Protein chains: 2
Amino acid sequence: MIKANDPNRRSWINVESGSDFPIQNIPFGVFIPEDDIITIGTRIGDTAVDLSAMQQLGYFDEINLDEDVFLQDTLNDFIALGREINRDVRDRIAEVFDADNAELRDNDEHKAKILFPVNEVQMLMPVFCQDYTDFYSSREHATNVGTMFRDPNNALLPNWLHLPVGYHGRSSTIVISGEPVHRPKGQRMPPNADKPVFGPSVRVDFELEMAFITGEGKPMGQSISTAEAEEYIFGMVLFNDWSARDLQKWEYVPLGPFLAKNFGSSISPWVVTMDALEPYRVAGPVQEPEVLDYLKFEGDKNYDINLEVGIAPEGSTETTVCKSNFKHMYWNMVQQLTHHTVNGCKVNAGDMMASGTISGPTPDSYGSMLELSWNATKSMKMADGSERTFIEDNDTVIMRGYCDNGKVRIGFGEVSSKLLPAID
Amino acid sequence: MIKANDPNRRSWINVESGSDFPIQNIPFGVFIPEDDIITIGTRIGDTAVDLSAMQQLGYFDEINLDEDVFLQDTLNDFIALGREINRDVRDRIAEVFDADNAELRDNDEHKAKILFPVNEVQMLMPVFCQDYTDFYSSREHATNVGTMFRDPNNALLPNWLHLPVGYHGRSSTIVISGEPVHRPKGQRMPPNADKPVFGPSVRVDFELEMAFITGEGKPMGQSISTAEAEEYIFGMVLFNDWSARDLQKWEYVPLGPFLAKNFGSSISPWVVTMDALEPYRVAGPVQEPEVLDYLKFEGDKNYDINLEVGIAPEGSTETTVCKSNFKHMYWNMVQQLTHHTVNGCKVNAGDMMASGTISGPTPDSYGSMLELSWNATKSMKMADGSERTFIEDNDTVIMRGYCDNGKVRIGFGEVSSKLLPAID
């Protein structure tokens, strides 16, 4: 067992029951405390932990680290150290915050420099993402979309069961939870029209996704095998891949989604490590037909992560519109990364690879309004009595995710972002 | 007239007749002289000019610049200063190297620190490109592809004449001229097969493209109009968008090209500024049907840039296989950038936006082997007697580009890259 995952460990930092951030989580993020400088940190309960301060005060002396490894404005360099060093750091954090360890617990001077109430720090983008890839790996989602827009009897395209379909997204507009996103303008072709019109999208949607963040890959030209892939995956975040369905429908043939997607994507701020998710491995769906040899793998590569999406209209309470689970994914992250690099494509530390919309088998588990409203043929009722087929201006969309095996709950917190009106 | 563009200026640096780099060009690039440090530089004739050394020696004192503006390993920060400052620097370089200016010409000590034979410096990637977009803006290319793979009578898809179709590429595998690229492995579906096979691509192609490099865009959510777009375009490079046609055909529906493209793209090292290209503006093709208002523009937005592609088999001389011209592009760069940002998409300094394959109207002007060999139904004869339908292992593909209005020739040099065999 990974040392930091010990389910029996308790911390001397208070952790409320049901918290996403017990001592067994120890995610990594980047934050700035009030009147202080940017640092890499972790979170236990509702306490943000300044790892650069910890290092300066000697708490990581037993690990061979550069002295400024945590004094960074992104996790990229830390991630690039590799999973072994990342694990050593996480294990050491678990040790320092163990209820029985007095080193820091009883040092008020140090605690004042290291610990901050999480609501008094500003979370920043955890990584600099040069390249962002979006997969399309939920069979249920691909089947729903194919059924609505093509042919219910041939909903999956011929390649879908043979390879994890994916495409490149735009990294410049990936923002952190809390940052609003503006409704995009663009071209759409109204039904029965003979020419397109221009204006704000009238079908803005969320997509419930998760993204994994890669380590430093092999040199360009080389491939990462399924046996090696886990060494190149650092951790995961919640990912809302904002989408404009009307722009998408008009623009996406033949080269794929473009303006319909690149106006914004929102992520949760704490990167939960693959180490922390280890206890929640599960088998994925059976893959039939059999995949090509390079996509075969051994062991359980899916993860049991409960997911939910809420919509909060302006000035109103939130209504849950979707409950899904990451375990439904047909193609797993190991296969995605292997496929992505089988042609020699270079992967850098901090790159993001998102899952695609995570829809489950039941209508209440569909991960987008497109599916929940079945292409606007039905609406979702909000707590304030209003109805939604797509997202309205000033709605806030909130996604949450957590694992719970009855012993320990490991969560991702949330990604929450408000859709502002289009800018004139 | 932009000061540096004076066609009558001569330099005290020798410039061979027919050079791509007369005193009127003054492109920007990044290089490292032997036993020295990385610097931003320019090129006149066959002489590389170290701009950080020039600045340290006081030659830019009249311009308000940070002292390390040229002591960078990319052009990004310099580009982000904006076109006015970029122009001041280029104008000042023209002045310093003017045949009649003795400041540097007669200072041998300074010259020893500033000037290097271009073949004694190593060129590096000129920018750090976070996001790379590839358009599909040659009507001839889109028509050829549509004719081969879909329907000659409806070769263009319905959206093509209404918007500049584009998609996101991967920036991590954009490399500089001289760097080899490995043949990619991947899945393809052989004709009449019932399942895909895996192995090295058997249809590796070049795509003759040019890319423009953007300045620092507006904040996310805001749009750049056609009237504003030129202020956000720094310059251009030659761009070979390596493509694997067999992988592409199997993977690209519905989300676009992915592994077929992201194994490598090659660029020329010197960024020719839009200022230098000013004398070569021409009108583009008439756009019919009329475009939507946001895509309308005033003035000439195309450029008359002669382009050619050669293939040099291992150990053999080069054979020219294509002569085209950038002026054929249906959608211009101003429209591309405006469309890209109309939804609020953020553009950063150093981003690349490639044109898509630049095919002309005649068969010898097609910008890819796919078109030149008309989907492998005919072959191109090489100087050594061998034939090509696609690119073979160890072939070198060379692209060149230049403008010539009878008074001044401004060129891009070349992008040359060798296709190595797939790595086992």
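Cβ atoms are placed via backbone N, Cα and C, with glycine included.
If you look up TrEMBL, you'll see B:24-126 marked as domain 'Fumarylacetoacetase N-terminal'. Residues belonging to the domain 'Fumarylacetoacetase N-terminal' (B:24-126) score a mean pLDDT of 97 in the model.
Residues or ranges marked as domain 'Fumarylacetoacetase-like C-terminal' in TrEMBL: B:133-398.
For B:Asp134, B:Glu207, B:Glu209, B:Asp241, the entry in TrEMBL reads Ca(2+) binding site. In sequence order, B:Asn240, B:Asp241, B:Trp242, B:Ser243, B:Gly356, B:Thr357, B:Gly367, B:Ser368 make up the list of same-chain residues 6 or more apart from B:Glu207 (Ca(2+) binding site) whose Cβ falls under 8 Å from its Cβ.
What TrEMBL lists as substrate binding site is B:Tyr136, B:Arg150, B:Gln248, B:Tyr252, B:Thr357. In the three-state DSSP assignment, the secondary structure recorded for B:Tyr136 (substrate binding site) is coil. Residues near B:Tyr136 (substrate binding site) in space but far in sequence (CB under 8 A, at least 6 apart, same chain), listed by position: B:Ala142, B:Trp160, B:Pro164, B:Val165, B:Gly166, B:Tyr167, B:Gly356, B:Thr357.
If you look up TrEMBL, you'll see B:His141 marked as active site, proton acceptor. According to its DSSP assignment, B:His141 (active site, proton acceptor) is helical. There are 28 other CB atoms within 10 A of the CB of B:His141 (active site, proton acceptor), with all protein chains counted.
If you look up TrEMBL, you'll see B:Asp241, B:Lys261, B:Ser265 marked as Mg(2+) binding site.
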Q) Setting B:Asp134, B:Glu207, B:Glu209, B:Asp241 aside, what same-chain residues sit with their Cβ within 8 Å of the center of the Cβ atoms that define the Ca(2+) site, listed in sequence order? A) B:Leu208, B:Phe239, B:Asn240, B:Ser243, B:Lys261, B:Ser265, B:Ala354, B:Ser355, B:Gly356, B:Thr357
(Q) For B:Ser265 (Mg(2+) binding site), which of the three DSSP-derived states applies: helix, strand, or coil? (A) strand
Q. Between the recorded positions B:Asp134, B:His141, B:Arg150, B:Gln248, B:Tyr252, which lies closest to B:Ser265 (Mg(2+) binding site), Cα to Cα?
A. B:Asp134
**Q.** Proximal but sequence-remote residues of the same chain as B:Tyr252 (substrate binding site) (Cβ under 8 Å, at least 6 apart)
**A.** B:Phe258, B:Ala260
Q: Would you mind reading off the Cα separation of B:Arg150 (substrate binding site) from B:Lys261 (Mg(2+) binding site), to the nearest angstrom?
A: 21
Q: Would you count the other C-beta atoms found within 10 angstroms of the C-beta of B:Gln248 (substrate binding site) for me?
A: 21
Q) Which residue, out of the binding-site residues B:Arg150, B:Lys261, shows the minimum number of other Cβ atoms inside 10 Å of its Cβ in this structure? A) B:Arg150
